[in-house]
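Peer 1: Structure in structure tokens, see below.
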């Protein structure tokens, strides 16, 4: 796998292409991964997980892959800059223009690195809000074979989430970019709310595209209006062409 580098950052997105990015945040056991899978299926987003990208990169026998593997084995954090560059590289190579970034930004350092490197404003941050009690119950009940699914480790993960990720959530809330859903319910009930949020995003993009497509006849200067009327008189409007 090629390294994420400056050239990747500079060449994406292509000129004139609109990229849609949504962050998805939730505590351990909140069900955000399940909701991401449903969003991908319903709305055609590409699902990106910082953790998955790091684990994938660590498989390669390269200087960067070895460094990531060693840091992860030692329980140390990988630099935010590297995480962001891996995310951006994955976006560039995906061929899609809509991305769900799962579990990111995890902290304020992640957020700053994203803003400094990528320069694409997220549409919003989707927060799957779930109580500690419900998340704990789900993690203990699931059978994923994870070594860290014991009560003490689970509670430490909750504490880390509270301390590091809540400031990120508050940041986007102040900017009017927080979309929060109640994650304590059944999967399909949660997705009804999630679906409504993404349907609204789709509608905004459709209307935005129509507004950006050109001036109305009344907004044109007289010369442009004359050409517009001449064209429509010769070839008919779109509505006439359909009839």
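Cβ coordinates are placed from backbone N, Cα and C, and glycine is handled just like the others.
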Peer 1: For the record in Swiss-Prot, which of the ranges 49-78, 79-108 is the region 'NMP' one?
Peer 2: 49-78
Peer 1: Swiss-Prot has 29, 30, 31, 32, 33, 34, 185 binding ATP. Which one of 111, 142 is in the same site?
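Peer 2: Between 111, 142, Swiss-Prot records just one in the ATP site with 29, 30, 31, 32, 33, 34, 185, namely 142.
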Peer 1: Out of 123-131, 132-140, 141-149, 150-158, which range is noted as region 'LID' by Swiss-Prot?
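Peer 2: So the range that Swiss-Prot calls region 'LID' is 141-149.
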Peer 1: Using a 10 Å radius around each Cβ and counting other Cβ atoms from all shown chains, which of the binding-site residues 32, 55, 185 yields the largest count?
Peer 2: 32
Peer 1: For residue 77 (ribonucleoside 5'-phosphate binding site), which DSSP three-state class applies?
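Peer 2: Residue 77 (ribonucleoside 5'-phosphate binding site) sits in coil per DSSP, no helix or strand.
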Peer 1: Any idea what the Cα distance is from residue 34 (ATP binding site) over to residue 103 (ribonucleoside 5'-phosphate binding site), rounded to a whole Å?
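Peer 2: Counting only the Cα atoms, the answer is 12 Å.
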